[in-house]
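Everything on this sheet refers to the single structure shown next.
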Amino acid sequence: MAWNGRRNGGSPRQVIFFLLCVCVWQSGAESLRYSLAEEMERDSFVGNIAQDLGLAPSQLAARKARVVSEGSQQLFRLNPSSGVLTAKESLNREEICPQSETCTLFFTLFLDNPLELIRGEVEVLDVNDNSPVFPEKKMVLEIPETTPPGFRFILESAWDKDVGINGLQNYSLGSNSYFSLALGTGKDGMKYPELVLNQHLDREEQPKINLLLAATDGGLPPRSGTALIDIVVLDANDNMPVFSREVYEVRLAENSPQGQLAVRVAATDPDDGSYGKVQYTFSRILEGSQHVFDLDPNTGEIRVKGKLDFEETKKHEMVVKATDGGGLFTQCKVQVEVVDINDNAPDIQLTSHTASIPEDAPPRTVVALFSVRDGDSGDNGRIECTIEGDLPFTLTPTFGNFYELRTNAALDRETTAEYNISIRATDWGQQRLSSVERLWVQVWDVNDNAPAFSQELYSLWVTENNRPLVRIGSVAARDADAGSNARVQYALVREEGQEQPLLSVNSESGEVYVVRSLDYERVRALEVRVRAVDGGSPALSAQAVVRVVVRDENDNAPVVLHPGGESGAGELVPRWAPAGYLVAKVVAVDADAGQNAWLSYELAKATEPGLFRLGPHSGELRTARAVAERDAARHRLVVLVRDRGQPPRSASATLAIALLNDFSDVQGRLSHEAPPAEPDHTLTLYLIACLACVSALLLATGLAALLMKVRRDRRKRAEPLPTFPTAVADSDAGSLPRSLVYDVCLATGTLSSDFRFLGPFLPCFPA
């Protein structure tokens, strides 16, 4: 009979022959329980997982359903197209779970999208496929004829690999008149046969007795095994060996070396001679224990000769027989408890692993799933898992011995692009053992970083009169992201209504170019904003300011503001003027800047070079010495104004200087002068004519200067003036301050003139 248990119960149906059943239960939505009889054929049906979970088979396939058995062997197979769980091979319960009442195999069902883990178990049911077996088919007992009735002889027990009702249940003895059979029960609950003597033996009457011992299990049909007992009746040996204890109990660590003494059993016989000499043998010992322990027949020492393994056998039980020379023997039990030591490191089994996650993955994102096992017991098998190093990951226990590796903080690919995660599993033994599983997790890049300029302000320069599309520098922005998210393109930021910019920027390299030729006198500086945009979606951007300073070239010659006109200006100097007397100030400006606008003044030509000197930086014309009577009345000076550019540029101005005796009453004093003792009328006539000519010349010169001034003013109004400093007094090109600007005003019909200091520079001409 086979039973298929569902969540809501299920109904029984006959599938195969007697007592072979398969039971399936699913408890809630977290565990599946099935059962399968041992020795079933390969690919035997275990259960329909899809039906028990209420899922269509297509859903199992879509969610990548898979079954992982605990342990190194994968005993089950899941057909994702049908949802049927089958056994990969025939299961032998005695090999899988020896000496165990129940045999349960655990597996885990993994489902993706979303990740779901369902624990399952399959109980392997025992069938009566093994008969009881005695260690020896023939047992020989030598019993002295003096043995009193009621004496019990412990016989070797049979062994049945099956368990439960299918295991060993009863012993029976063939019919005879001397012996009966009794059953004893050990501390472990196992039954063993005892041969009970019912009446005195008489060697002369019957020296040998043959008995048949049968062991029967409880299966249907029952199985049995037999052993022949040959009893040899010995002549009188009235003392039997006696052990000091009936049961010897000892504890041994599983790492005990070979040759280590486990226990020494001792039996004494008061008889003399060969009847008092005792020999020790194992009368009953399990097959697994025979390879582990060795008994010295003379001393009774039991030593370790094999490897003790707590994980294989936790307890060894043996029966030692002490026999004297007369054939009398007695028996005792030796129980060896194997003490577990921490000799197994934890085992980490990776079940699911995500190799890469995006850097914007939320905290608590599952990265991996794994299980840990330790073959030891107690604290030696207790495991704790940790992550080595300070990493943004944490371990979360799920059910059983499974752990989830999750993120516990936000990830940043720009800080750490990949993680080498070392998971260490450590047990709690006195000498702690551990194992390490290493996982690599890569972090995907997302566009979470805007481009960043190396500078907020880029200061560049270009010399005026440049050629169009000249490269003057570059801007650079870096994006901490990767791939297309880090690809940066540049563009100028233009507002609506803004004129065509004078600069351009290469979209790929960030190189800055000047579109056309610049003039320092019109544009001295430029300032634009450059935007850097990455290739992410959505795109991120940043801005920087590019300031371009136009450097001046010496492309403008100095311009003389005073004296003006093509023919220069006239200045009047009294003859009593001392040395250092201020005659005039030459005022000039240069539209360039810096060194190109630094002006120097020098006298290029003079009627009398030693009479006047010109300040090289101020442009002030002063007398170099006191004016003498012998000095000529008219002087003409040519002033050269030069800048300091490379190559230098220059301009010139002409000054006409007249030396006068008196500004106010020159004519009166000339008319009242006393003639010599004998006046010369002819000379006087000549002097009057010369004076009239000079007056007419002065009047014509004034009129001509006035006309030229008017013409120049009209021409200047028609043409744009070059760019000069707003106030001449504020210029550092050698201009005369406002407080020192002066002019000469002449009145018609007189030789007198007033020399006045004025505020602003305003020409004054006669009305």
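Numbering starts at 1 and runs along the chain as displayed.
From the backbone N, Cα and C atoms, a Cβ is placed for every residue, glycine too.
TrEMBL does not curate its annotations; it predicts them automatically.
Feature annotation from TrEMBL assigns signal peptide to 1-29. Per TrEMBL, domain 'Cadherin' is recorded for 32-134, 135-243, 244-348, 349-453, 454-560, 573-677. The feature transmembrane segment is assigned by TrEMBL to 683-707.
When each of the listed stretches 32-134, 135-243, 573-677 is scored by C-beta pairs under 8 angstroms to the domain 'Cadherin' (349-453), 32-134 comes out highest. The helix, strand and coil residue counts that DSSP assigns across the domain 'Cadherin' (32-134) are 15 helix, 41 strand, 47 coil.
Secondary structure counts, DSSP: the domain 'Cadherin' (573-677) has 10 helix, 45 strand, 50 coil.
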